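Notes follow the structure.
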Amino acid sequence: MTSPFLSLNHVSARYGGSDDDALHDISVGINAGEVIGVLGSSGSGKTTLLRVIAGLHATSEGSIILDGLDVTTTPTHLRGVGLMFQEHALFPHLNVSDNVAFGLRMAKTPKSERSIRVAEVLELVGLAGFGTRDVASLSGGERQRVALARTLALSPRLILLDEPMGSLDRVLRDRLVPELRELIDDLGLTALYVTHDRSEAFELANRIAVLDEGSVVQFDTPGVLDARPATEHVARLLGHR
Amino acid sequence: MVSALPLNRPAPSGGSQRKVWWRLLAATPPLVFLGVFFAWPVGAILLRGLHPGETWNFGAFGDVLSDPTMQRILWFTVWESVASTVLCVLVALPGAALFARFRFRGKRLLWSALLVPFVLPTVVVGVSMLGVIGGGGLTGVNLTGTVWAILIAHVFFNYAVVVRTVGSTWSTIDPRLEESARALGAPPWRVFTEVTWPLLRSSVAAASSIVFLFSFTSFGIILILGGISHRTLEVEIYDQTAKFLHLDIAAVLAIVQLFVVVAILVWFGRSQRRRSVLFDQRSATETEHLPETARQRWFIRSNLVFMAVLLGTPLVLLVVRSFSTPEGWGLGFYRALTDSRGGSTSFVPPIDAIGNSLLFASIATVIALVLGLCAAWAIVGDGSAGSDSRFGRWTDTALMIPLGTSAVTVGFGFLIVFDEPPINLRSSIWLIPIAHALVALPFVVRLLVPGLRSIDPRLREAAATLGASPRRVWWSVDVPIVGKALAAAAGFAFAISLGEFGATAFLVRPDRPTMPIAIYRALGRPGEYNFGQAMAMSTILMLLTVVVMLIIDRFRPAGVSEF
C-alpha cells in the first residue's frame, strides 16, 4: 500500500488565550487526485483545518506529511499549497492579470512566460480578455473565477478551498459547482473543499470528512455517509430526519 | 383605514431652495470669521512683504532669499522636517502593526494614552525632553542644541499621529489578503511590500503630511531644544518681529512659509486622489487576534517597551523632577509658583497664568464650537443624497487652510492688523481667545462633520412622518447624536487653547501670561528654582490636558479621524 499524498497524524491546534483545542487529534490520509469535502457546521473547525494545512496556523501537536516530506513547521510561502478564501481576497490594488500573475512573480517566472501562463489560466476559467479589468468592476462570479485562476496559475500540488461559493447566490452557485467539478477532473487536482452545504460536498467530493467540535467524526464516501451516518449529528448535518 | 397623519412636508422644489438658503446662512458666520481673522491678517502680511512703500516690490524676496543666513534657515527647516517625518514613520510603523493586528490587555487604554504627547503643549514637550536628554538629565547625555534633540522631540510629539492614522487603516485590511499572498509564495517581507504597503500608502501619506507640517512650523520645541544654531522659519519669523522689529523681513519669510505649506497641502490632495485604493474594509475586531507564537508575543512586548521608553520616560521624569527640589523631595517648586518675587514690575506670580489659561480656553472653546457647528451643518446639509455638494466641499477646504498655517503667522498677522483702527483689540482680552479659536476651528469641524454625517436621514424622515416639526426633528434627532461629537470637539478646542504657544507669544500682554508662556519665561530665567517652576507648571498643564483628553476619548464618535 502506497502512503497517502497528504497525511495528518494526530494533529491538534488551538487559538491563543484558549485552553480548548480548536482541532483535536485529527488523523486523515488523502491520496493524490482525490477531492475531499470537509463538512461541518460553523465553529466546527473546518476553516482551522485548512489554515493548519496551509501553514497559516501552527499545530500544537502532531505532524503533517505532504508528498513524503514533513511540512509541519514549513512556513506557508514554501509549502506550495494553493488557497482560496470565501471572500476571494483579490488584491484590490492590482488588475485581473496582475492578481493572477502574483504567484508567478513571487516565483520569479520570466515576464514572457508569465503573460502566457496568465492568459492560459484566464482562458481556463472562462475569463479570456479580462486581464486589464479592475477587480472592483467584477461581478461576484467573476471574482470567484479570478481567485481560482490566481490559485491555479502556480499549478499547486494541493489546493485548499474555503467555502469558495459561500458569498455567491444560489443560482450562480448551481452553475459554478459543475464547472468547478469539470475543471478539477480535467486538471487532476488534489483538493480539500470546505463547505457547510451538503449538496455542494456531495457533488464535488470523492470522500467527505465530517467535522464536529474539532474532531473528525466520520470520513467516508458520500454513499456510505448517506447510508450509514455514524452519529446523530452527522445524520442531522446531512439533512436526515 | 387610511392614515390621517398630517404630513406637512414642504413642496420638493421650494424645500430644496430653502435648504440652500439655510446652508448659506449657516456658512456665513464661520466664513466671515475666517475672512476677518485669517484672510485679512494674512493678506496684510502679504501686502507688507510685497508692497512695503508706495509701490509693489518683489525685490525684498530676492534680498531675503539670497541672504546666506536665510538660506541656511530655510534649508534646515526643510531637511529637519523631512528627517523628522521619515524617522517618525519608520519608528511608528511597528506600533501601527501592533494595534492593527493584535489583541492584548490594556489595548484600548494605551490607544488613548498614546495621544498624551500629541495633545501636550509643545512647551511641555520641550521641558520634558530636557529632563531626559538635557544636561543633567536621565541619560547624562546633553543633546540640547543638536539636531538630534529636535528629531527625538518631533518623533515623541508625532508618534501617535502615525500609529493611530496608519494603525486604524491597517486594521481594516483583510488579513486574508496577506495570507493569500503567503500562500502564493510571498515571503513575509514581500507580503508587506507587495500587498500591505500599497494599501497603507495613502494613510501613511496622510500621516506624513501632518507630521511634516507640524515639524515644518515647529516653534516651541525648537525654541527650547534647538539652541542658537538650529532655527526654523517659524522661529526666525518670531525673532525678526519680536526681537529685531524687522517686520518686512518677517513678512517675506511668512509668505515663503505659507507658500511651502499650501504647496504641500495641494500636492498631498492631488496625490491622495491619484493613489488611494478602494478596498473592502473589515472591522477592527475582525482583524485583530491574540498572539499565537513566541515571536508574536515578543513583537508585542518589545513594542510596548519601546512605547514606554519613548513616550513614558520623559513624562514620568517631568513629574518626578517637579517634586525634587534642592532641599529634597517636596512641593517647593509648586509653592514657588505663588511667589510674586522676580524683581520686575511686570512680573506676576506664575499661578495666575493658570486662571488666565482657563479663561482664554473657555472663551476660545465657545467661539470655536459655535462657528464649528455652523460650518459643519453647512458642509453636511441634511445628509440626503446630493447634499454633499460642491458648496460643502469648498466650505470644508476653506476651513482647513488655517490648519496648515503656522500659529506664528496668525499671531504676527493679528499684531499688524488689530492694533490700530478700525479694530483695535490689542489691549482687549479677546485677541488671544480668537486666535486660539482660529487654530482650533479646523479640528472642531473635523470632529463635528462625521458626527452629523452619522445621522441616518431616515431617522429624520421617520420623525417627520410621526408628525414632528422640523425644529422638533432637530431637537430630538440631531442634538442627541451630535452631542457626543460636540463634547469631543469642545475637549479638543479646550486642549488646543491650553497649549497654544506660537500665536500667544505674539499677542500676550506681560501681565496676563498663559501657562505655556509662563513656562517659557521661567525657563528663560537662570537658577534651579526657575527651572523647577517650569517643571511644576508643566506638570500641572500636562495633568489638565490629560483630563481634557480623557474626556475627548470617551465621547469620540466612531469613524472620526484619528488625531
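Please read every residue number as a count from 1 along the shown chain.
For all residues, glycine too, the Cβ spot is worked out from N, Cα and C.
Given the structure is predicted, the values throughout are model-derived calculations rather than measurements.
If you look up TrEMBL, you'll see B:20-40 (among others) marked as transmembrane segment.
According to TrEMBL, the feature transmembrane segment maps to B:73-97 (among others).
Per TrEMBL, the feature domain 'ABC transmembrane type-1' maps to B:74-266 (among others).
Residues or ranges marked as transmembrane segment by TrEMBL: B:109-133 (among others). Long-range Cβ contacts of the transmembrane segment (B:109-133) within its own chain (Cβ-Cβ under 8 Å, at least 6 residues beyond either end) map to 99, 139, 141-144, 148-149, 152-153, 156-161, 163-164, 218-221, 223-225, 304, 307, 311, 313-315, 317-318, 321, 495-496, 498-501, 515-516, 519-520, 523, 534-535, 538, 541-542, 545-546, 548-550, 553, 563.
Taken from TrEMBL, the feature transmembrane segment applies to B:145-166 (among others).
Among residues of the same chain six or more beyond the transmembrane segment (B:210-229), those with a C-beta under 8 A of the stretch's C-beta atoms are 77-78, 80-82, 84-85, 88-89, 121-123, 125-127, 129-130, 143-146, 149-150, 153-154, 157-158, 161-162, 165, 235, 238, 257, 260-261, 264-265, 403-404, 406-408, 501-502, 505, 516, 520, 523, 563. Residues annotated as transmembrane segment in TrEMBL: B:210-229 (among others).
Listed by sequence, the residues of this chain that lie at least six past the ends of the transmembrane segment (B:249-268) yet keep a Cβ under 8 A from its Cβ atoms are 42, 45-46, 48-50, 60-61, 64-65, 70, 74, 78, 205-206, 209, 212-213, 216-217, 233-234, 236-237, 240-241, 400-401, 404-406, 408-409, 412-413. Summarising the annotation, TrEMBL assigns transmembrane segment to B:249-268 (among others).
Away from its own ends, the transmembrane segment (B:304-324) comes close to residues 91, 94-95, 110, 113-114, 116-117, 124-125, 127-129, 131-132, 137-138, 155-156, 159, 330-331, 333-334, 532, 535-536, 538-539, 542 of its chain (Cβ-Cβ under 8 Å, at least six residues beyond either end). Residues or ranges marked as transmembrane segment in TrEMBL: B:304-324 (among others).
What TrEMBL records for B:354-552 (among others) is domain 'ABC transmembrane type-1'.
Among the features that TrEMBL reports, transmembrane segment is placed at B:358-379 (among others).
Residues or ranges marked as transmembrane segment by TrEMBL: B:399-418 (among others).
Under 8 Å from some Cβ of the transmembrane segment (B:430-449) lie the Cβ atoms of residues 30, 33-34, 37-38, 360-361, 363-365, 367-369, 371-373, 375-376, 379-380, 396, 399-400, 402-403, 407, 410-411, 414, 418, 482, 485-486, 488-489, 492-493, 496-497, 500, 503-504, 507-508, 514, 556-557, 560-561, all in the same chain and six or more residues away from its ends. Among the features that TrEMBL reports, transmembrane segment is placed at B:430-449 (among others).
For B:481-508 (among others), the entry in TrEMBL reads transmembrane segment.
When Cβ-Cβ distances below 8 Å are used as the criterion, the transmembrane segment (B:531-552) is approached by residues 112, 115-116, 119-121, 123-124, 127-128, 131, 315, 318-319, 321-322, 325, 332-334, 336-337, 350, 353-354, 357, 487-488, 491-492, 494-495, 498-499, 515-516, 518-519, 522-523 of the same chain, each at least six residues removed from its ends. Residues or ranges marked as transmembrane segment by TrEMBL: B:531-552 (among others).
Nonlocal intrachain contacts for the transmembrane segment (B:20-40), taken as residues 6+ away from its ends with a CB within less than 8 angstroms of a stretch CB, comprise 370-372, 374-375, 377-378, 381, 391-392, 395, 398-399, 401-402, 405, 410, 413-414, 417, 434-435, 438, 441.
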